[in-house]
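A short worksheet on the structure shown next.
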Amino acid sequence: MTHLQIDKEGNEGIANVEFCSRSNETRRNRRLQSFVDSYGVEKPRLSTFEQTKRYTKKKCSSISFECCTNIILNRIPLVRCLKTYNLRKDLFGDIIAGITVAIMHIPQGMAYGTLTTLPPVYGLYVSFFPVIIYMIFGTSPHLSLGNSLEFNIISDSEACVLGTFAIVSLMTAQAIGSVSLEPSNMANQNGTIANLTSSSSIDIKLHAATTLALLVGLIQLLLSFLRLGFLTVYLTEPFISGFTTGAATHVFTSQIPSVFGIRSPRGINGAFKLPRTYIKLIQSIFSHINWISTAIAAVSIVALYIAKYLNDRYKSKIRIVLPLELVLIVIGTTVSHFLQLHSKYAVAVVGQIKRGLPAPSLPSFDHTDKLLVPAITIAAVSLSISISMAKMLSRKHTYKVSSNQELLAYGMANAVSSFFQCYPSAGSLSRSAVQEGSGGRTLLVGGFSSLVLGCVLIALTPLFQPLPMACLAAIIIVNLKGLFLQLKDFVLYFRISKLECILWTMTFVTVVLFDVDIGLYVGLCTSFFINTVRTQRPRFFVLGQVDNTGIYKSTTNFPSVQQYPGIQILRFDESLYACNAPFFKRKFYELIGMETIEEPIVSCRRPETVDMKTDVLFKYIILECSPFNYIDTVGAKLLIQIFNDLKKRDIQLYLTECRYEVRHTLDIMKFYEKTELHTIYVTTHDAVMAAVAALNQIPVANN
């Protein structure tokens with residue numbers, strides 16, 4: 001970093017770059033004679049009533065029957081899909097993709113249904129009804145709605161896994177458990193699901209689940225009506241990664257009883273829930289383990305893991321997605337039926353499954369007060385994941401996805417399906433990737449998938465009664481692999497940003513040590529705190545000139561830049577408002593060598609009078625305001641205070657590259673009346689040249 005000698009001929013043309021001219025008649029006119037007056041238009045200042053009147057008149061003038069019809073039809077994307085549907089190009093791919101996804105829905109629906117502590121058939125309902133509703137109102141032809149166990153964030157260019165999601169089914173189970181239900185187990189070494197849980201207990205759980213789905217749907221519809229889809233961006237990737245990785249431990253723990261054929265521990269709540277659960281699980285394993293169930297689970301996990309590995313490795317050569325989970329269910333059901341595993345060896349099985357589709361019924365509102373908070377949480381998490389997934393797929397295939405329309409689709413899917421005994425649903429990346437890779441092209445893929453699944457529900461569900469619960473547990477555990485691989489994100493975030501690493505760690509630890517809902521709230525609070533810290537303590541740089549250009553860069557990152565003696569150029573990389581105004585003031589004086597140092601109360605040294613430094617190193621301070629998106633009243637008053645304080649010390653402050661919103665606020669705060677007219681310049685280089693020209697006539701010691 002070097003200092004430039006001041007060129008005494010550098011004042012040429014300086015008079016043309018001042019923000020305001022002194023040659024006009026009145027103070028108001030002098031203030032407006034600027035670059036903006038020459039090249040821009042001053043916006044008229046209208047009252048709120050006039051603005052409302054103009055907006056209403058503009059909107060009402062375009063209202064017609066055709067316009068209203070298009071507005072309604074645009075809310076139903078399926079209509080546009082049918083209008084542009086090409087039978088020759090789209091039909092075959094949609095049918096194949098629909099059948100393939102339906103085959104995946106069967107084992108995943110049954111397995112993930114058990115996570116909610118409901119019988120597996122309700123997982124199949126969630127794989128059927130929400131998919132139909134999303135087909136009508138959704139905008140992503142590749143997003144598969146229904147049961148969700150995982151979420152992988154994929155880059156736009158290639159399908160590389162960066163993270164994973166698993167939570168909605170588990171959060172639903174915890175919400176159901178919060179309504180003071182009788183404890184019941186989904187698997188036991190001595191009985192089936194049918195005789196382990198009474199009919200009344202299942203009915204109470206079902207009413208709570210359908211009420212929860214309705215509340216989630218209504219919340220999502222409200223967000224769509226208020227056009228608040230942008231709020232999901234506050235659920236950042238480090239938060240989601242830490243949250244879902246911690247949730248994976250709860251999902252894994254919930255499947256241990258099914259793997260070993262033991263009872264689930266009861267009445268464990270509060271802090272350190274997981275460690276206390278594992279203590280009881282280990283005690284139960286040593287005393288009541290079912291070796292046949294354990295062997296079935298072990299063989300299923302190993303076989304499914306190897307088959308998935310081979311399928312992923314050779315999928316480019318096979319060119320089809322093998323239904324490995326369905327094959328496991330078929331084999332497990334067949335072996336259990338002929339060997340009579342339930343009656344002879346007390347292996348827990350699925351048991352009685354209702355045939356057919358449920359009749360519509362109104363959800364119960366008995367536990368609305370206890371389910372409202374979990375509904376808000378589930379709505380926020382499922383929206384963030386599903387919308388992120390839909391936008392990722394849209395960028396890959398270059399089509400448009402509307403966040404607010406997706407909110408409408410998810411809200412309608414949850415609200416309508418709640419009348420058909422469904423719990424909350426969310427998008428699934430594994431099925432979405434299969435739907436995309438198997439040739440799906442339009443929204444009708446969901447229709448063909450539901451058609452196949454409907455036939456299964458009507459005719460084939462009794463065939464799954466002998467299916468061992470250990471097989472369903474194996475499916476869930478193998479699909480948790482991606483979740484546990486997210487532990488590597490800790491190292492990634494530690495290298496990128498310590499604040500993001502803290503967010504990941506806080507969220508993960510609280511989810512594991514306390515519970516999913518507590519971890520969610522702690523993670524959100526930590527995320528907001530970190531975002532606040534980042535805006536309150538942004539970067540504050542000293543700038544220098546790059547060679548003889550009009551480009552100015554940080555002296556920290558670019559040590560070779562040049563500085564003029566007597567001139568200090570600063571840039572504050574954030575908008576100036578009340579929260580960061582104290583930091584701005586302290587750092588501003590520090591960078592210009594005028595920091596305040598308080599005298600210590602107790603000192604062994606000789607007493608000295610310590611105050612602001614009296615040696616003036618700079619005669620001109622130039623503040624580049626290009627990062628200021630806005631400035632509030634506190635920030636404007638602070639600039640006025642700093643300007644007048646520097647003026648008393650014979651130091652001139654210039655502002656450069658101010659946006660219209662910033663200049664407008666300064667104008668309302670009477671910044672020009674309280675300071676000077678020629679304070680704001682169009683570019684930083686103009687202000688530097690003006691300061692150089694002024695310094696030609698003021699002798700300043702070159703420090």
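Backbone N, Cα and C define each Cβ position, glycine as well.
As annotated by TrEMBL, transmembrane segment applies to 91-108, 120-137, 212-235, 285-306, 318-339, 371-390, 442-461, 467-487, 499-524. Taken from TrEMBL, the feature domain 'STAS' covers 557-691.
Spatially, the transmembrane segment (120-137) is adjacent to the transmembrane segment (442-461); three or more Cβ-Cβ distances between them are under 8 Å for residues at least 6 apart in sequence.
Long-range contacts of the transmembrane segment (442-461) within its own chain (CB-CB distance under 8 A, at least 6 residues past either end) are made by residues 77-78, 81, 85, 90, 94-95, 97-99, 101-103, 105-106, 121, 124-125, 127-128, 131-132, 134-135, 138, 141, 144-145, 353-357, 435.
Sequence-distant contacts of the transmembrane segment (499-524) (same chain, at least 6 residues past either end, Cβ-Cβ under 8 Å): 167, 170-171, 174, 234-236, 238-239, 241-243, 245-247, 249-250, 269-275, 374, 377, 381, 489-490, 493, 530, 533-534.
Counting Cβ pairs under 8 Å to the transmembrane segment (371-390), the stretch among 91-108, 212-235, 467-487 with the most such contacts is 212-235. Taking DSSP states H, G and I as helix and E and B as strand, the domain 'STAS' (557-691) has 48 helix, 22 strand, 65 coil.
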